[in-house]
């Protein structure tokens, strides 16, 4: 189907008129309520009675006033912009012959917007526009809308009228502001440049109806030269090129630029507009930058003011018709603002209304609908329904724990709530090299890549460790007074790990209950047990046989009761008879511990042996992540004292057998297996019989280098652990500030390998301290958690 050379309904422009309409700066407009400021050459007193706006034609030396004279024929048009592609210009237009000058001008190059002058397509006589203005102003050409005052227009609303029936011109269909003659005698050429914006007959376009299903692309077109703001100042005078459409059912996108501007607007890039559009019947809001025409979508602004959606349809002025190339009938709908789609209220007269013009693109799913679908899929799902879980499980099967220290740039953690006990624990874990390397080994997935997850704890700590990067090369230490070395530290920007805080709610931990004491040791157990359980569930994907042992696995499991020990037969697969020193035998029971990378870092075992008269010893192995040290006794002043008290033999009072006979029973705890990272918990919070809780503020001395005595180990492993396997070095201390057990504050000191020194981190505050300040007693703070690493792994 051949398309003829289009004509603009404005006709031909002389150079002066072109500069007047497209180049000269526009006047400012005072929108209602009218402030009395003179916006043009007409004085305020010249306004008609009841008229709220001053009719101003930008760049023209006179004000066009409304007249109640002639009624406009339906073929006339009113436009609020000089944009020749505006959809308001859908009307008949006479076709004028090209003159040799016009043809020569088409071949020249326009210096206004650096595009070929043929793209401007200004082919009519130079006096057509002036005659139109004169006829309109003299004959009351503002038309039936203005005469009946059914619709109020803001300043700058133009009246360019053209009688489509003059001089026997054939009807023309306007395609994006270009009048294309459909007559057989009209002159034109078949140019693919003008075929890009053709509309199909199955979807006729109307100017004022935003209710049809439409597509919206919110991102501006890359490298597109047209303005990003959708103001009335964006005058377009070109068309996309290099796109031929043979089937109107398929979208046709330009290969070069979608729109070209005739005038470079100074504020084109300002992020000041708020655009509303409709996609598939949904209201979409794009804040900031204007929406570009892309994927077959164009946006046009209509600066109409005071549109009343509550008026009956019959009283609304008819919309201008669009004659499609295939002869589709015109559709007339009342003008509506975007605000009317939300509620029946008048839109602000100062806000431009953005309309969307579709180009037959396939329907794009609504982003709002996609978000709802995303919300349905988000959250916790079983491991079997998580497609990423199997990948993480395979990685964890092959992971090798790395204990090499890493120099990380310290970053504070913003505390907007009562999260100091969490922040202090997180800083200690970040300073733990094997923990850092483990989480960095697991890939970081975004919400888009993994909307639903079966491992929220792992995901959050992988994200946390990725917040920290290698520290830049520190400056050389500078000498200060007294030959004291002063080191500088440049911490990174503080951040708020909200995704870590949300874990308390996601996993429904008892720590999230209101009124509970916020305890750093309890939170550490929550983290390590949570990571361990998630890794166990991943192991089940590869080895389902682990499932039957998962209940009794991990430090969270309790010691088997003595009655249960008696009921267990000697042939149980979980027990065996062990021969100790001096040929003493004992029955040892142990759960089938499934190892995970977390137990490989923090997991140790303690042996609890029960001694009973005239009976074999009964031993139970129990895993731990933190070693609980009772410091309540007055004899305990150091960590070594607390460790010796841990392994001391104690009597169990009131123990009876099945025959109701009271027997003497004692119990002793020893260390069966020492972990690479040993966390000591100084139990400062003791519960009274009355139900209250008090804090032990006594000072407990702790060394930087800690050696675990052989006497603390179980008999079977005493000779298997060399001194290097029993020696630890301090790398983090979590302090509790205050004398109350129901409140206070938590801070952390961590060893920084890059500085070869210590840092004190109080939420988002980071400062350098010396080692003496770490171990020195203080009245306002007491050590609560001690983090040690084995020296043979340093």
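Every residue, even glycine, has its Cβ placed from backbone N, Cα and C.
Under the heading N-acetylalanine, Swiss-Prot lists 2, citing similarity to another entry as support.
Positions annotated as phosphothreonine by Swiss-Prot: 24 (among others).
Among the features that Swiss-Prot reports, phosphothreonine is placed at 99 (among others), with the record citing similarity to another entry.
Look at Swiss-Prot and you will find 209 (among others) tagged as phosphoserine.
Summarising the annotation, Swiss-Prot assigns phosphoserine to 224 (among others).
Taken from Swiss-Prot, the feature compositional bias 'Polar residues' covers 313-326.
Taken from Swiss-Prot, the feature phosphoserine covers 316 (among others), and the record attributes it to similarity to another entry.
According to Swiss-Prot, the phosphoserine annotation covers 332 (among others).
As annotated by Swiss-Prot, phosphoserine applies to 361 (among others), with the evidence given as similarity to another entry.
Per Swiss-Prot, the feature phosphoserine maps to 366 (among others).
Taken from Swiss-Prot, the feature domain 'USP' covers 411-791.
When secondary structure is read from DSSP and collapsed to three states, residue 420 (active site, nucleophile) falls in the helix class. Per Swiss-Prot, active site, nucleophile is recorded for 420.
Swiss-Prot lists 543 (among others) with the feature phosphoserine. For residue 543 (phosphoserine), the count of additional Cβ atoms within 10 Å of its Cβ stands at 11 [all protein chains shown].
Residues annotated as compositional bias 'Acidic residues' in Swiss-Prot: 561-577.
Marked as phosphothreonine by Swiss-Prot on the basis of a large-scale study or a structure entry: 568 (among others).
Look at Swiss-Prot and you will find 572 (among others) tagged as phosphoserine, backed by a large-scale study or a structure entry.
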Rounded distance in angstrom between the Cα atoms of residue 543 (phosphoserine) and residue 420 (active site, nucleophile): 39
Around the Cβ of residue 420 (active site, nucleophile), the count of other Cβ atoms that are within 10 Å: 21
